[in-house]
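Peer 1: To start, I am sharing the structure in question, which I have written as structure tokens.
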Amino acid sequence: MDFTSISTFTCKLRGYFGYIMIILPINFVILASIDRCCSTARSVKIRKYNSKTVAHSLIVLTTVFWFLSTIPSAICFEIDLTTGNCGTQLGLCTTYELIQFLIFNGIVPPGILIVTGLITKHHIKIIQRRIIPTTSHRTQIQQIDQQLTRMLLLQLIVSILAGVPFGLTFAYNLATENLDKSQERVAWEGLIRSLFILLFQMNYVSSFYIYLYSSKLFRKQFRNHFKRQRGDGGQQQNTLQILTVKN
């Protein structure tokens, strides 16, 4: 049973929060790529934007922006009186959501990631040319450049593989959701949609594995973090045992 079809209110909530949960993670990945681009810039003014205060402010502003911008999606969602299904109304609403989703999910994110990735790599090249006093420094910068290149390429590949098929599937569903379809066609479309949704959810977890694979420093910090956690756990356990013996 589709609980979002119980009432118009729950149907609109589905359209509203469903789109927000899709668009926000992609925007946060974009913000991270812009932050990385600013952190490697030659200009001091640009590097000032690489700070926790700016990052927190941008996260809040981005979240508020999409909470407000997604209101039309809630307005467009209604329960079809014929089928009883919750979906987008035909006409202007379908066109609006189709264009919005293709632009902000299928075109803009990969485009921004490509641009910021190329700019970041250019910044690293400039640093590599300027700071070459010793062989060790040159080697370190080359390693950073290689790690960053792998990281950006992998993130871009994952973003395209996860986002573009899902965006096209979503656009297809919007364009055909009110057509008469056979049960076999509906089943095939549901299977393909489910597969692309699973693929799209790679966006939520891929960054961790990309950093873990690409960056030696990240792997080292990750191991040290778990060592500290186990050390703290062992100390707490020993303290509890001592207190138990004393009591």
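Start at 1 and count along the chain as shown; that gives each residue its number.
Glycine is no exception: its Cβ is also placed from the backbone N, Cα and C atoms.
Checked TrEMBL, it gives:
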DOMAIN    1-211  domain 'G-protein coupled receptors family 1 profile'
TRANSMEM  16-34  transmembrane segment
TRANSMEM  54-75  transmembrane segment
TRANSMEM  98-120  transmembrane segment
TRANSMEM  152-172  transmembrane segment
TRANSMEM  192-213  transmembrane segment
Peer 1: Please average pLDDT over the domain 'G-protein coupled receptors family 1 profile' (1-211) for the predicted structure.
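Peer 2: Within the domain 'G-protein coupled receptors family 1 profile' (1-211), the model's average pLDDT equals 78.
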Peer 1: Residues sitting near the transmembrane segment (192-213): Cβ under 8 Å, six or more positions beyond its termini, same chain?
Peer 2: 22, 25-26, 29, 32, 150-151, 154-155, 158-159, 161-163, 165-166, 169, 173, 219, 222
Peer 1: Do any residues, 6 or more residues outside the transmembrane segment (152-172), come within under 8 Å Cβ-to-Cβ of it, and if so which ones?
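Peer 2: Sequence-distant neighbours of the transmembrane segment (152-172): 26, 29, 33, 98, 101-102, 105-106, 109-110, 113-114, 117, 120-121, 192-193, 196-197, 199-203, 206-207, 210, 213-214.
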